[in-house]
Structures are given as C-alpha cells and as structure tokens.
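Annotated in Swiss-Prot:
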type: COMPBIAS; residues: 144-164; note: compositional bias 'Pro residues'
type: COMPBIAS; residues: 165-179; note: compositional bias 'Low complexity'
type: DISULFID; residues: CYS83-CYS118; note: disulfide bond
type: DOMAIN; residues: 25-130; note: domain 'Phytocyanin'
type: CARBOHYD; residues: ASN43; note: N-linked glycosylation site
type: LIPID; residues: SER181; note: GPI-anchor amidated serine
type: REGION; residues: 129-179; note: region 'Disordered'
type: SIGNAL; residues: 1-24; note: signal peptide
Amino acid sequence: MVSLISIVSVVFLLFTTFYHFGEARIINVGGSLDAWKVPESPNHSLNHWAESVRFQVGDALLFKYDSKIDSVLQVTKENYEKCNTQKPLEEHKDGYTTVKLDVSGPYYFISGAPSGNCAKGEKVTVVVQSPNHPKPGPAAVTPTLPPKPSTTPAAPAPAPPTPSPKSSTSTMAPAPAPAKSSAVGLVAGNGIFWASTLVAVIGLAFA
C-alpha cells in the first residue's frame, strides 16, 4: 500500500512544476517579431525596451531575423562593449532563435552581421532578477497637512429663550410582554433532537 507521505510528495512536486510552467514566458526581443535589427534612433534602442521589462528565471527570449544576413551572438560583457563577434559564448543562425534564461544575472547579446550592426545599436543587455528579488513597492506619498484654523474668535451665539414650564398630562403605556412562541419552539426542537439522539445511542448499545 502506498504511504501517505509518498502521495503528498508526488502531489507537491507536480504542483511546483506546473506553477513554474505557468510563470514562464516567451518574450519577443524588442517587443515585436521584427525588432532584432538596427534601431531607427537611439530613443528606440533595444536596451530602452529591456529596461522596461522584468525578466524572471525560466523566461525565454525570441529573436526573429533574416538568417542570410544576420545572427544572434551571446557574448561576455567585455565583448559586448567592444562589439567583438569573435569567440561568442553561443551563436545562433536559424532565423528564429529561442534562448532560455535559466539563471539570474545579466545576459549580453549582439548581432553577428558582418556589416557591423552591433556598432550601430543592434545589441541588448537582459538582466534576469533572482527568484527572491522583491518587487518594487509603490512610491511614498507625502501627507497633506490640513490648513491652520483662524485665530479670530467667533462671536458667541445668543442664548435660546427659556420655555415656560408645562404640566405633562400624558402617561406612557406599559410595553407589551415579549412573544414566547419562538422560545417555546426552540426548546421543543432541542428536546426532540436530544430525545432522538438518546434513542439512537440506546439502539446501538443493544444491537
């Protein structure tokens, strides 16, 4: 017979696996399928886009490009800054490249096009947050102090006129007695319940 501990362990493992699959995403580099190219202007650089995205462990980057004239190279930080296409960490030339982000930290990608696309801005740095990295909280809001009250004292209100005493002739009627039907019904219902329970216990004892 399978132990309860084994069943619980398998259920927990399956839950954890499906949870991480649900969190993982496939992200188009640059925000669209045709963004892996020389940017139109510095304001549209791939790094500007990457800074606006929160990358997590398990995500995947999708590069789409013309494999006849371009490629994707994953390089070191030094080669990234120099646009050095020699000895990359990984080289992709299939035109539809998916790169899995398995660990946290920075990833550096440059274009391998011989026309020098990297120097023209076709490169991107992706920083993957650690699983325990806290999410940014909301900006602090400075409380607004209420305006100070006016120091000029207000004039006192005139005293109300004193009403003339009148003799009260009306008498208050006594409150009616509360109804007893609901309480009686509750007591009767409890009596029936306990009587039935007692009969059932006696029947089981002599069965």
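Heads up, the Cβ atoms here are built off N, Cα and C, so glycines get one too.
Known features from Swiss-Prot, placed on the structure.
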residue : record                      : DSSP class
ASN43   : N-linked glycosylation site : helix
CYS83   : disulfide bond              : coil
CYS118  : disulfide bond              : coil
Surrounding CB atoms that lie within 10 Å of the CB of CYS118 (disulfide bond), all protein chains: 22
Distance from CYS83 (disulfide bond) back to the residue listed as 'N-linked glycosylation site', taken between C-alpha atoms, in Å: 20
Within the predicted model, mean pLDDT of the domain 'Phytocyanin' (25-130): 96
Of ASN43, CYS83 (the recorded positions), the residue whose Cβ has the fewest other Cβ atoms within 10 Å: ASN43
